[in-house]
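Here is what TrEMBL says about this protein:
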- 282: active site (ACT_SITE)
- 240, 282, 458, 459: Mn(2+) binding site (BINDING)
- 232-525: domain 'Sulfatase N-terminal' (DOMAIN)
- 7-26: transmembrane segment (TRANSMEM)
- 32-51: transmembrane segment (TRANSMEM)
- 58-79: transmembrane segment (TRANSMEM)
- 111-127: transmembrane segment (TRANSMEM)
- 147-164: transmembrane segment (TRANSMEM)
């Protein structure tokens, strides 16, 4: 019996860890599933240890235990941040973790660390205990080799039966559940997930428009607002983690975002506008907005596409006499932005070397500093004679939203203080205040009246899967209905061009991919030679928005609902957007196939663009 104690002991330990991980991901208090999915995978390794590790067996067990424990821990933490199952692709993002360490620590529940307790204890035993010498020395006795071989073969067979039938599942989350977390991690390493690219010659604007649902007969020869903002500066303001439910929200009778509320009342407002980002979050939003392409299948856009010669809004506007610059208070190395900005064709970037170390919040200068220095620089650039395109990236309202008390612009109720939701409201109220300072300065230096101002949220700020039960109740109280995907993915969009835009709310659905063609129409810039996956939100009445990453591949948003597939279309779930605005009917399988086709066309097109890897000087 002594000879098989390591096998039984570590099997028991890994069973406990499997149940802990599953309880976080799938919110199941008890299920037999981990025993049928995780344990067979673990036993494959344990059988191999028993059969071949004749020396230092305990050390090998501890190392394998540590490896699997690290995988489980990474899966838990990544899920709490992104709501998806981490894979080996995330190793490319490890260098970003130190920059967002506050966010990581804020998501860590103390009991998550208990899964490492046995590793620490066993490590100490391994180094100090004489009793451990027995486990170090023993080999698998011949009497047990037949049993171990049988268990090994059975475990392999069970793992294959878990993995093979679920390879075609569209939901990565469901795949991990059916394959087992460890089996899914192994599958993603060896499986070829991406199909061969579609030939570039077969990717046409007409094909894309049909898939998007654009109806040419309804499109007037001269689109509405065509060229209405021609020759104006373009100032795009990307608000960090800013969700649309904040618009007109009052807490104890006080507006949380009075500045944005004023823009909404006076200009073009799109309340049914949605994020289309992936693991790169903010940098992915920059990519989508500036290209009108979708994010890549697994990586951040800066990792997959920053080496490409990308068609882009900066290049379009440069051909029409514009200068271009992007402003972000972090270092340009964060998320490989130097390469991205070069690929996008920005003439200049301004990062921490320009904004300095004044009024630091989290990992860069505050939004007040960002806007003050940006406004001055925009005035200087404009005075040189050419119109300016500026992409301004705010950052202070970054997860975990624990801004310094002196930045508070709103007093949250006592019950919200110290909570994720309360901190979020505080941070976004400050972000709104800083935005107001920027607008005031643009008006003072004469840029406001001669510019097209675009304000939008980059991505969600309050992930459903990061909220406690009490925090979900707070959100339900604020919204007046249960907090769900349509609220989480919904970000605001406001277009302001003084003298052109007037108070008007557009109820049509839009996404970040649609900004480029909408801006091009307002400026009177032709897209005849520019392949794009968005549409003009001022003229098109129907839309189809493919989603990936934060939702399973194949998810999409139409005018009525968010559709999330299960293993395929038939077991998918629809989440109604709201009860207002135009409708095009419930999600259909034909729309599902169109959404998948749009993603594949974008992946194929961008992957075949020529390479270009140089970095502009700041």
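Each position is counted from 1, following the chain as shown.
Placed from the backbone N, Cα and C atoms, the Cβ positions cover glycine too.
Note that the coordinates shown come from a computational prediction; the quantities given were computed from them, not determined experimentally.
One way to see the shell of the Mn(2+) site is to take the Cβ centroid of 240, 282, 458, 459; the remaining same-chain residues with a Cβ within 8 Å of it are 238, 239, 241, 242, 277, 281, 285, 393, 457.
Beyond the transmembrane segment (147-164), the same-chain residues lying 6 or more positions past its ends with a Cβ under 8 Å from any Cβ of the stretch are 36-37, 40-41, 43-44, 47-48, 50-51, 140, 178-180, 183-184, 187. Within the model, the domain 'Sulfatase N-terminal' (232-525) shows a mean pLDDT value of 95, rounded to a whole number. For residue 458 (Mn(2+) binding site), other Cβ atoms within 10 Å of its Cβ number 25.
Around residue 282 (active site), a 10 Å sphere centred on its CB holds 23 further CB atoms from the protein chains shown.
DSSP assigns residue 240 (Mn(2+) binding site) to coil, not to a helix or a strand.
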